[in-house]
Amino acid sequence: MARMQESADLLKCSFCGKSQKQVKKLIAGGAVYICDECIELCNEIIEEELGQAQGQEEEHGELPKPSEISAFLDKYVVGQDQAKRILSVAVYNHYKRLRAHEQIGGRRRRDEEDTELIKSNILLLGPTGSGKTYLAQTLAKLLDVPFAIADATSLTEAGYVGEDVENILLKLLQAADFDVERAQRGIIYIDEVDKISRKSENPSITRDVSGEGVQQALLKILEGTVAAIPPQGGRKHPNQDFIQLDTTNILFIVAGAFSGLEKIIGERRGKKGLGFGVEVASKKDEEKEDIFKDVRPEDLVKFGLIPEFIGRLPVVATVANLDQESLVKVLTEPRNSLVKQYKRLFEMDDTLLTFTDDALEAIADLALERKTGARGLRAILEEILVPIMYDIPDRDDVTEVVITGEVARGEAEPELITHTAEEKTA
């Protein structure tokens, strides 16, 4: 009887049920008791959860301000100040929206004052070789998010020969090493979107599988949908498991040269003259990018984009054509400029590479003649330097290679400065 009374009087932990004899310490709080072991376990759980939250915060890092984003772009991209400002603000607002969404645990608050922040994708207008792709790549580098590039001309509507729209998302998943959460915060750059304009302004009766059909297929992923992604590509492996990817928080940057759009804008602005062969623009030398700055949705519709597609791209930025001066800056000024890269390659062979000012201007002129912009600069440098890069590893006597304007234009051979020449000069 005494033993039963002792058992009844024995205090127990309200959480694990252990008696006060089985634990080191039992703390009372009203009619509830907690032992030292449960306290230690609670502390471990709290520390783990706080550590995960802190790790997530460190992973995302502090969101750079628009001015900081623009300053970072300045280190790698020459000119395009207006485009940099627009992109910086758009990217800042996009990831600020993501942070706000994460702070409420991915759920919309039921507060009447809460405002849902809608995603703003970006449309980039500008000529080939003006730095559109590089701007997007540099943004992804700064933000440390997965980045994928897709060519709109390779896409077709589902069921036809070509790439499905879902293949774009597969590229982003691959860039994120199939980390779905990371991919869902990434950036997708779709180039040559002007090439998927529909054939006429009016809706087509016949199927336009590589034009309007692709625009229709892109609508859902641009706005936000949960897409089923085949990890090995869809059409060749129909029985594979699918990965669910939510595109709601993916930033899409859609770009194109939109050749001919300036005429449509010019006509709307009342610059269409009367008579045969009249120039569309009032000034013959008016820059295309200046006209592009006045682009309106109705101009893009007339060009061949469907209204629903334009509506998913509320932010419009234009990039300028690069002149000779800008191309010379592209060659020399960015942190990882082409000239710096080739100089480093020559340094590895203990050789100094020097470009004269007229050489840089000649290289820029060649890019302008070929109408390749900054994109064609590397190919021109390769043409000039490959023969000498072939010989230099076998020439221990060469200390410096000088590239002049004549060399760049193919009128002369590079000047080689050797140990012997230096000794004679000394």
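Cβ coordinates are placed from backbone N, Cα and C, and glycine is handled just like the others.
Long-range C-beta contacts of CYS35 (Zn(2+) binding site), restricted to its own chain and to partners at least six residues apart, with a cutoff below 8 Å, comprise CYS13, PHE15, CYS16, LYS18, VAL23, LYS24, LYS25, LEU26, ILE27. Secondary structure at CYS35 (Zn(2+) binding site), taken from DSSP and collapsed to helix, strand or coil, is strand. Here Swiss-Prot flags CYS13, CYS16, CYS35, CYS38 as Zn(2+) binding site.
Annotation for THR128 (ATP binding site): same-chain Cβ neighbours under 8 Å, separated by at least 6 residues, are ALA257, LYS371, THR372, GLY373, ARG375. In the three-state DSSP reading, THR128 (ATP binding site) counts as coil. Marked as ATP binding site by Swiss-Prot: PRO127, THR128, GLY129, SER130, GLY131, LYS132, THR133, TYR134.
If you look up Swiss-Prot, you'll see 1-54 marked as domain 'ClpX-type ZB', on the strength of sequence analysis.
CYS38 (Zn(2+) binding site) is 58 Å away from LYS132 (ATP binding site) when you measure Cα to Cα.
Counted within 10 Å of its Cβ, the other Cβ atoms near CYS16 (Zn(2+) binding site) come to 13, all protein chains included. Under the three-state DSSP scheme, CYS16 (Zn(2+) binding site) falls in the coil class. For the recorded ATP site, residues PRO127, THR128, GLY129, SER130, GLY131, LYS132, THR133, TYR134 set the reference point as the centre of their Cβ atoms, and the other residues of that chain within 8 Å of it by Cβ are GLY126, VAL319, GLY373, ALA374, ARG375.
In this structure, the binding-site residues PRO127, GLY129, GLY131 were compared by how many other Cβ atoms lie within 10 Å of their Cβ, and the smallest count belongs to PRO127.
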